[in-house]
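Read through the structure below, which is laid out as structure tokens, and then see the notes.
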């Protein structure tokens, strides 16, 4: 029992389960999945689709955070990506042609890759603090997107592009297949190659890593580039869902949701050890939470407050100090009679040491 | 000049400070008279800063009395100490760079006017204090715009605001050049002549001999003695600091067999005139296969800096490097690794271990970094490698998955050695590999170094413990005041010789 409790995924998974239970209680049909026209339908499927863009952004964010960094620009990159793709399709004589759509996707992703390279350059070569470096693009990126769309909300009709947002593949939403697929590939690469370990070493002790010959600068640059690329892909999924590119509102606050997903998943913002499976659960928790608000019929007035409360509880339970207390509490229960706690002293010195 | 008759302004008797289980200070007596510059000497860990902190109230002594001006005091902290005339200036300038010079000097003693600050008075008072220091800078300029030396003087200026009877200067000269040091000494002498008692801590023996009147020597938390500077030859001082009489040291020496190098052998690494401004003066050094070269010198003599230039950890400004006869430049640790040169820093925690990773990950880090992330070492090979080094070096716990932060210092050091040995280096540069680890582990590491050299590796070995350097080095390069001053054959060298060389400058 204690081992389960101490597992790093225990609380995020518990939160996810609790949310699902709450939904099922409010609406008993919540978990049921039906097959219509060969596609899966139901709330869980919707949640998977809704998770897709956030999962991609959070994936890049996890890698960036592992190197002690942060990427605030992902929301703006999402907007740029949608703007580029939709403007190209809208201005093309043949919006329904797969070639047009593929070109649009390639253009969007290429530009987002460049934006990621820009962030990486600022952080790893110029040595600007990540929060400042990415703040630049966070504000400038929306401007770039505005420039591309000419300040209007670009809407299009293009069946091949629409597939990205609302299509199905093997009965599953295409968006979810793409996001989870990319996530799985990246997770596999990170853990099967030495990338994960070298990123963690860089995040935990940059000086020691440098002396050990780790190419910390290149690695840092790479993760910001990847973060830009993944945000670009997320932008395509979001714009394909609405078939509109809104420079001002696409991907607003997605950077905060992504950071939240990373933190809920148990990766510390101080960098180092990271946990992609945790990020996956974190993204699912956030998407489910958003769904829960509508299912429970919570008034839009208190929605942000409700979400904040859930997030606070989960992150508190995830925090190292709370975990220590909890494991100490379970241990104390196991030992009878409870020993008088001489813990005050070591505890206080430990706090100081941090 | 010293007012021998004046009663001491600070008198500390039987001071003990404990950080269980360690006794950092054990019954130390110390007295400071008005109008003297008193040097506090000792190697790293001797208890110098603990004594200062006991005086200024940062540490509270478990035993002993502190009299300041004849009144028993236990200060609650530096601010309290300062209010009673005891000011401290630390090694790193502890000022606000973004404030003006005047604000920094008058911080905490600002002249007030109608509930606000009296800016004009502040500037004019600051100007008076600056003048006393012989500093002609604008009090309204921001502190950050001045050199480190000026900032250091401003820090001293700030310390002397108000009624300053005792001024403690902890390594004030470590970042200053010769002219700046001379200026500082002028200021110190002027303050002394005004009757201020100055406690001076420095690792530069020359400077201590130049400016101090008396000195107190500490070793391992205990008092060695108090001496008049003029009566204590530098060589004797070094012996006191290192702690053992010559006879004992020489008895402990184990003469290393002299290895005959084939005539005309090419050095594995040859540096000519390698140096870096503010770090170490240009030096020459040849390193051959199968040889242990020891670097001897006091802390701050440039030992570590030299090692860092050899291995690309710091970039040299001047000089040439040849690896196996080929001219090359080692600009980064990675470049050095390509030439099979490995380096472990003296700062094990800051620049060595990656404490959140496991023993396994720490051991393979360098090897893996060299291969790049795309070519992971096969797991089987990793496990064999890790098992081999855990066994060979006796790493405890013998668990590859243990987090490094849970290992003792000695075992962490062994993991670092394993990290570099697994890269099969030709040259291994070890900076203080035995610092802070227990005797058993120390002996194991010394033996390992000897074995590695016997197998043909070239080793540079740095240690604050002279005895250790003498015991395992074939050759010894002696450092003093950021300069390589001599190179002697380790086989025939005696402790006496080395101590003389280390102290050289001060003995004159």
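Using the three backbone atoms N, Cα and C, a Cβ is placed for every residue, glycine included.
Here is what TrEMBL says about this protein:
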type: REGION; residues: A:329-354; note: region 'Disordered'
type: TRANSMEM; residues: A:50-67; note: transmembrane segment
type: TRANSMEM; residues: A:72-90; note: transmembrane segment
type: TRANSMEM; residues: A:102-128; note: transmembrane segment
type: TRANSMEM; residues: A:135-156; note: transmembrane segment
type: TRANSMEM; residues: A:168-190; note: transmembrane segment
type: TRANSMEM; residues: A:219-238; note: transmembrane segment
type: TRANSMEM; residues: A:250-269; note: transmembrane segment
type: TRANSMEM; residues: A:295-317; note: transmembrane segment
Most CB pairs under 8 Å with the transmembrane segment (A:102-128): which of A:72-90, A:135-156, A:168-190, A:250-269, A:295-317?
A:72-90
Is the transmembrane segment (A:72-90) packed against any residues at least 6 beyond its ends, judged by a Cβ distance under 8 Å, and which are they?
53, 57, 60-61, 100-101, 103-105, 107-109, 111-112, 115-116, 119, 131, 134-142, 144-146, 148-149, 154-156, 158, 161, 227-228, 231-236, 238-239, 243-248, 250-255, 258
Sequence-remote partners of the transmembrane segment (A:219-238) [C-beta within less than 8 Å, at least six residues beyond its ends]:
52-54, 56-57, 59-61, 63-64, 66-67, 69, 71, 73-75, 77-82, 85, 105, 108-109, 111-121, 123-125, 134, 164-165, 175, 178-179, 182, 186, 195, 198-199, 202, 250-251, 254
Outside the transmembrane segment (A:135-156), at least 6 residues beyond either end, the same-chain residues with a Cβ under 8 Å of its Cβ set are 72-73, 75-77, 79-80, 82-84, 86-87, 89-90, 95, 115, 118-119, 122, 243-248, 250, 255
Counting only residues 6 or more past its boundaries, what in the same chain has a CB within less than 8 Å of a CB in the transmembrane segment (A:168-190)?
35, 38-40, 45, 48-49, 51-53, 55-56, 59, 63, 196, 199, 226, 230, 233-234, 237, 240-241, 276-277, 280
